[in-house]
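Here is what TrEMBL says about this protein:
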BINDING   A:D462, A:D468, A:E471, A:E472  Mg(2+) binding site
DOMAIN    A:42-158  domain 'TRNA-binding'
DOMAIN    A:409-484  domain 'B5'
DOMAIN    A:732-825  domain 'FDX-ACB'
Amino acid sequence: MKAPLSWIREYVDLPADVTLSALTDRLTMLGLKLEAVTNPADAVTGPLVVGRVLTLEKEPQKNGKTINWCTVDVGDANGTGEPQGIVCGAHNFVEGDLVVVCLPGAVLPGDFEISARKTYGHLSAGMICSAAELGLGTDHDGIIVLPADAGAPGDDAFDVLGMDDPVIEFEINPDRAYALSLRGIAREAALGFDLPFTDPAARDTPAANADGHPVVVDDAAGCPVFVARSVSGFDPTATTPGWMATRLEQAGMRPVSLAVDVTNYVMLELGRPIHGYDREKLSGAVRVRRAAAGEKLTTLDGVVRTLSAEDLVVTDDSGIIGLGGVMGGETTEISETTTSILVEAAHWDAVSMFRTGKRHRLTSEAGKRNERGVDPEITEAAADRVVELLVELGGATADAGVTVVGTPPARVSITIPVDLPARISGIDISAETTLAHLRAVGCEVAIDGDTLTAVAPSWRPDLTDPYDLVEEVVRIVGYDQVPSVLPPAPAGRGRSEAQRLRRRVGTTLAGAGLVETISYPFVGDADWDRLGLAEGDERRTALRVVNPLNNEEPFLATTLLPGLLKALARNVGRGTTDVALFETSLVFEPTGAKAPLLGVDRRPSDEEWASIEKAVPRQPMHLAIALTGHAEDAGWWGAGRLASWSDAIGTVRALADELGVELTVTATTREPWHPGRCAELRIGERVIGHAGELHPKVCKAYAVPARTAVAEIDLDALLEHATTVVTGPEFSSFPVAKEDVALVVDADVPAAAVEAALREGAGELLESIALFDVFTGEQVGEGKKSLAYALRFRAPDRTLKEGEASAAREAAVAMAAERTGAVQR
Amino acid sequence: MSGPNTDYDPVEVTPLKAEEVERMRDEAVAAIAAAADLEQLKQVRLDHAGDRSPLALANREIGALPPQARKEAGARVGQARGAVTKALGERTSVLEDEHEQRMLVEERVDVTLPTKRRRAGARHPITTFSERLSDVFLAMGWEVAEGPWVEAEWLNFDALNMGPDHPARTMQDTFWLEPADAALVLRTHTSPVQARTMLSQQPPIYVVCPGRVYRTDEVDATHSPVFHQIEGLVVDEGITMAHLKGTLDHMTTALFGEGITTRFRPSYFPFTEPSAEMDMVCFVCRGVDSDACRTCRGEGWIELGGCGVVNPRVLTACGIDPEVYSGIAFGFGIDRMLMFRHNVTDLRDVFEGDVRFASAFGTEI
Ligand SMILES: [Zn+2]
């Protein structure tokens, strides 16, 4: 909302010591937040003076233009008293006109410095200004011609033009609809400085009578009050006076025609939207009703709208003539020939206005006010003000008929403990202060012992609840008066187990050299295809966004790999070729259930709550990693090592070790992994994820380097099994006995199976086992591989006897032979 | 070699003569002193102290002497061998020291060579900053609450006093999920976590809810459809706006230093009443000569977010008696605070996954 300071001053007499910044500071602290102040005078540096055109010679130029060589009387403003010679290209003035002249040395908006300069064969010493050149609107039609009585040559034109009129732009919160008017803003200014307020809506209005235009309201809930007034003999050629056009422009509205401008002006003044009809285009009574579904109306913006049964419409005998409170129709629109005007000032149900505006995607200055709540008690005053201006400015005659249908809704009365504002704010606020401030905002307050009852003023439909009154009192006392006190929280338990474990996961992975990323969750069919997911793959069943930002990516991720691979490709594309990424994020599993919309007047019942919980999709937290390039860098020390499928598996394994979870790794096939290089990761029988090398096709599809390795696991599942309380280890200080063994097995026997057999066969003395070599080749035989293990044996309570370790080794080998066909080399 | 002198002949044995023993000793000591390195010394040891060295051989001849002469000869040879052993020991020590000195010189490396064989990993600064923020509240005894990202419409809006026709419901551009009547949204704020907390426990409630939220904003340097918020909620007996101010002052002081406190400006949020915008003193210019300050753009204050007293309607919808309890709540953007605290100029860096971004912050913030 933009409010010219001069307009505010009409209703509140601000003393000189209230500076502009004092005013905006106070209003901001009252809840009308300052957005910006613009003042045309700030953008212009003088000398800017009134001048009288003494001579004007038209001089055609070779380029086809005609310029005016003028001499202009600028009084003593130029220091000489001699006429000033100025070249001017505009043609909307004649000798004798009063114009606005900026003399050399002046600076116009855009740092445009005026100096005497040679042009078109003359020395032009200054400029005759247009409104646009002074930053006063967009009218480029010519220079400003002042009224004959505007002043004398040499007068300061800042004053004459009223240029020093700051326009304050406020951000108005939805609950303060009353401040979408000069009436509301000035009232707050008066409140803020404890000054008297002149209410522009306080005016005597003629009583309703039977002579007015007939109005029938079928839906009193939707339109509690409908006031109709009319004027005749309106001069359609009458133009909007400059002061009104200026104020409309200052407030951000475009002047259109006098009749329309008057309704807009009154809306800005009082906050009450007004609609004007060409009365001669009306046939029969004006009627307000709900539309029948499917009815059509062409609104003023030329759009044909199909109406819903909830829309409030205004009709006459010809049918629908307007969307009540939101926008009028074309058929009864005021035109350049209109002489008889019906003025509608109606109070509309705010919720209905909001729904209609949303349904038809209609936003208008009128709609904005009607849907947030307008003072229902000023319909007659607003209509009367419009009539007054049409009479005064448009030469019209006010018709005697006055139609008033309905009565304004009753004012809301709220009862609170007198000390509630003090209790809720923590400020020491006396009962007297509370009463005074509530009265200052316009409440009628009655006190009864420890409670008070406040009747909210008609312009404050937002005041409905006890805490609304608290806010009114506290904002006037001042939010800066709130003391700073720490609340007495009970002793806490710190982070939850899951939160601590997730932090541990992040630290572990970062310690292993991986960098965390955050990706958008939006994916599309193309991602499923790039990953090579089969038609029936469960990951293709995803939640779909109704209104995605990108129609190609309407789904919510069921796997973190698309986001991670895109990030990987971005890094590689930007020249970082050795990349190790991880992301922990929720993925979304559709439930198909619909969430109930419950009431808010009580806690949901257990069943209702269960139905919400059931409808909210399962969203497990996943962990994904992606690796490409060097795991260990090449350098002066040697060649380095490229990340591979084993790093992807190894990273998850190391994480499981860190969390004390035993992970089982077996070979499997699953998209998007390389079919021969994909590990299934299990805890017991539960599959928690997969790791390995990315399928070459997937690498190409996501433009990531070949051999990129990835893993994705259900992190929640891993954390569920984490060892949270570690039992302190007991370890032997007796000597260790080391035994190596090399076994030959069929090439397709998993190393994990051999190791498991060795462990079982070795028995309790086995302390650790490590595979230190895998070898294939002629010596081992076709289709075979050799696995070399280092075994360490130790007893907890004694030194092993000669032969004990080798016996255990033999037992281990025997078990491996039995289980896996292993043969000792 | 002579046989044992058993018949007590006063046999004269040349190698055991005093001058002979002295000569052998002096030769040995001279050779030891002449050994230039440990290798040479090894040979000298063999030659002069070994089993076949002159003194060792002389020692064997002692038995050939008459018994009354053996003692004297034995002492003479023994002293000579002792002197040799001592000289050997001393020389060994000297040569070993020399050897080590040489080795240490030869083993010199260029310690300025690069040493980084593996790149350091990093956690995302949003993660670590969320933790850092939470730490401030955990230290006050609060707990950290979390909730799902796809949320029931009722929890995201209705329970927070944003009914179907509430204008605020259009102020936030929401991602809705299909089917259109599923009443599910990507949460537009972390406030549903507050509602969930109140629905699951009775006061006293002291929680912060950091987390990811979604709005239909197109991506640019300061907007993202995905971003992060942290909200705080206290519900207890006798809670006031003063507690809100105290909490926020403590938080900004903990994160930005002494003197960096907050102020309130009246505002409007459906879930709080009274509602306020909160600003913090600019931590760069501290509100002094702010005109040139780029962090606060000359304001002296930095906008943080919204806060207020929990609207009793919200307490009611969540099953908490507003006649007994009152609450305070606040919320602000983690991404935004990260940006101004760390001079991050483009929000896109947070979500693009370029490792250079997160790596700059490491594992703690
Ligand atoms: Zn600053």
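Note that Cβ sites are derived from N, Cα and C of the backbone, with glycine treated the same way.
What you see is a predicted model, and the numbers here were worked out from it, not measured in a lab.
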Residue, out of the binding-site residues A:D462, A:E471, whose Cβ gathers the largest set of other Cβ atoms within 10 Å: A:E471
Lowest local Cβ density among A:D468, A:E472, which the record lists as binding-site residues, within 10 Å: A:D468
Secondary structure content of the domain 'FDX-ACB' (A:732-825), with strand meaning DSSP E or B: 29 helix, 32 strand, 33 coil
Mapped DSSP class for A:E471 (Mg(2+) binding site), helix or strand or coil: helix
Average pLDDT across the domain 'B5' (A:409-484), rounded to a whole number: 97
Three-state composition of the domain 'TRNA-binding' (A:42-158), taking helix and strand from DSSP: 7 helix, 49 strand, 61 coil
For the domain 'B5' (A:409-484), residues assigned helix / strand / coil by DSSP: 31 helix, 15 strand, 30 coil
